[in-house]
Amino acid sequence: MTRLILATRNAGKITELRAILADAGLPHDLVGADAYPHIPDVKETGVTFAENALLKAHALAEATGLPAVADDSGLCVDVLNGAPGIFSARWAGRHGDDQANLDLLLAQIADIADEHRGAHFACAAALALPDGTERVVEGQLKGTLRHAPAGTGGFGYDPILQPEGETRTCAELTAEEKNAISHRGKAFRALVPVVRELLG
C-alpha cells in the first residue's frame, strides 16, 4: 500500500481530509505532515490557491521521497473583490487566529445588506510526486455570509458561511453533511481518480 502524505499539520484539516478520501475509497496509507516533524513549513508565496497547493505538495514530496497531497483554500467575499482569498488564514495578521479573522471580516462587512453578502469557499487540491509530476483540481462552495457566527463544528470561517440551499452555517452541519458539499470535499473527491491514475 502506497503511503500518501497530507501536507498539513492542521489537525482539523487532517481529520476532514482522511474522512473525505476514505469515503471516496482511496486505498492508501494517509499520514499528515506531523509524522515528519523535521520538515519545515513551506512559505505560501503563490498568488493563487493552486500555486500555494503545488508549493506545499512539491516541498513535501521532495523532502520525503513520497507522493504528497496538499491544498490551499480560503474564503472569497464578493463585495471585497474575492478577499480575503489566499490571505484567509492570516486576514487579521496572525496566521491561524480563527476568531480574530472572523471578527475582522464581520466588522468589514457589518453594513453590507444581505443581498450583497455573497461569498464562496475555494479549494485547490494538488498531488505532487517525487519525480516532479503534478496535478491540481479545484472545488467551490457558494453561500452567503451571516451577520454573526453560528455553530461549533468545523474551523476557520465555517461559522459564518451559510451554503446555498441551506438554513444552517457550515459550522452547524455534521462533518458528513459538510464533507458532502464542501469546497474541500469537492476538490479532494476530484483528486481521487488522479491519485488512482498516477499511483495505481
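Backbone N, Cα and C atoms are what each Cβ position is placed from, and that goes for glycine too.
Swiss-Prot has this to say about the protein:
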- T8, R9, N10, A11, G12, K13, S73, F155, G156, Y157, D158, K178, H183, R184: substrate binding site (BINDING)
- D72: Mg(2+) binding site (BINDING)
- D72: active site, proton acceptor (ACT_SITE)
Worksheet entry | Residue among binding-site residues G12, G156 with least C-beta crowding, 10 angstrom cut-off | G12
Fill in: Maximum Cα-Cα separation (Å), residues T8, R9, N10, A11, G12, K13, S73, F155, G156, Y157, D158, K178, H183, R184 listed as binding substrate
21
Fill in: Collapsed DSSP category at G12 (substrate binding site)
helix
Worksheet item: What is the separation, in Å, between the Cα atoms of D72 (Mg(2+) binding site) and H183 (substrate binding site)?
Response: 11
Worksheet, complete the sentence: Checking the binding-site residues T8, S73 for other Cβ atoms within 10 Å of each Cβ, the smallest tally belongs to T8
Worksheet item: If H, G and I count as helix, E and B as strand, and all else as coil, what does DSSP give for G156 (substrate binding site)?
Response: coil
Discussion item. Comparing the binding-site residues D72, D158, which residue's C-beta has the most other C-beta atoms within 10 angstroms in this structure?
Written reply: D72
